[in-house]
Amino acid sequence: MRTLRPRTTPTRRRRNGPIAQTHVPFVGLTGGIAAGKSTALEALRRLGAATISSDAVVHELYASSEVRDLVVERWGADVAPGGTIDRAAVAGHAFSSPEERAWLESLLWPRVGARVAAWLEQARTQDPPPPAAVNEVPLLFEAGMEAGFDATLVIVAPEGLRAERAGARGHAAVAERTARQLSQEEKAARATYVVVNDGSVEQLEAKLSAVLAKLTR
Ligand SMILES: CC(C)(COP(=O)(O)OP(=O)(O)OC[C@H]1O[C@@H](n2cnc3c(N)ncnc32)[C@H](O)[C@@H]1O)[C@@H](O)C(=O)NCCC(=O)NCCS
Ligand SMILES: Nc1ncnc2c1ncn2[C@@H]1O[C@H](COP(=O)(O)OP(=O)(O)OP(=O)(O)O)[C@@H](O)[C@H]1O
């Protein structure tokens, strides 16, 4: 995927002072299935960060006729009953073979990258600047995207808790998705920051607040 760093560092005029250089760190948030990525992203939003989820962008893209029509052309009208994409049906095709999965990823990832780049440019003009601009990207390391971020943050959770939460979700093809992902340990080893989500949401938020403090120090 493309690098999302801006070409210039924005400048900002302080209310009673000279022009200040600001740099809003661009943070990639990732983790395994049901580790708590979205819960962490929401907590970071409450803590003042600008946030965007690549999963949510993918879901928006399916609502566009361009993406819907390309998916229907490949896998047939059954994946969009009544003209609306059925993501479980798409998952059934996408995870049926590495070729089908690669086709879907090559369709979506460049479009997600373009939307995130536009969002980042906008987030960096916010006044006051947010403490960080955080992008939740499930396949951050698998896609080799880490160089595009100022820092990466991995959410990990005990395997049992994750399995329980993933089961409750009812996603299609969970085993096939997991097989395409690095293990939690591998993700954690590559990360700038690791947060263990093994307590309450409030405890998770406190740990994320400490990470934000380190980022902005
Ligand atoms: C397969 C799809 C239709 C399933 O939709 P669904 O609503 O069931 O799941 P959702 O999009 O919310 O994703 C949930 C989780 O599944 C896992 N997952 C999604 N896509 C992939 C993938 N290509 N490989 C491995 N795991 C994946 C991630 O852990 C993600 O957080 C959808 O995930 C998709 O279009 N994926 C391909 C694009 C992609 O790679 N997205 C992830 C990074 S941008
Ligand atoms: N600390 C926590 N306490 C209680 N429930 C939690 C906690 N963290 C996450 N959950 C719950 O676990 C489920 C999975 O969390 P979440 O959706 O944040 O994970 P995810 O990594 O984004 O999942 P996915 O891979 O499906 O996109 C959700 O129902 C969420 O509400």
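Using the three backbone atoms N, Cα and C, a Cβ is placed for every residue, glycine included.
The ATP binding site annotation in TrEMBL covers Ala34, Ala35, Gly36, Lys37, Ser38, Thr39. In the structure as shown, the Cβ atom of Ala34 (ATP binding site) sits within 10 Å of 21 other Cβ atoms.
TrEMBL lists 1-20 with the feature region 'Disordered'.
Taking a C-beta cut-off of under 8 Å and a sequence gap of six or more, Ala35 (ATP binding site) has these contacts in its own chain: Ile155, Val156, Ala157, Arg162, Gln184, Asn197. The ATP site is set by Ala34, Ala35, Gly36, Lys37, Ser38, Thr39; from the centre of their CB atoms, other residues of the chain with a CB within 8 Å are Gly31, Ala40, Ile155, Ala157, Arg165, Asn197.
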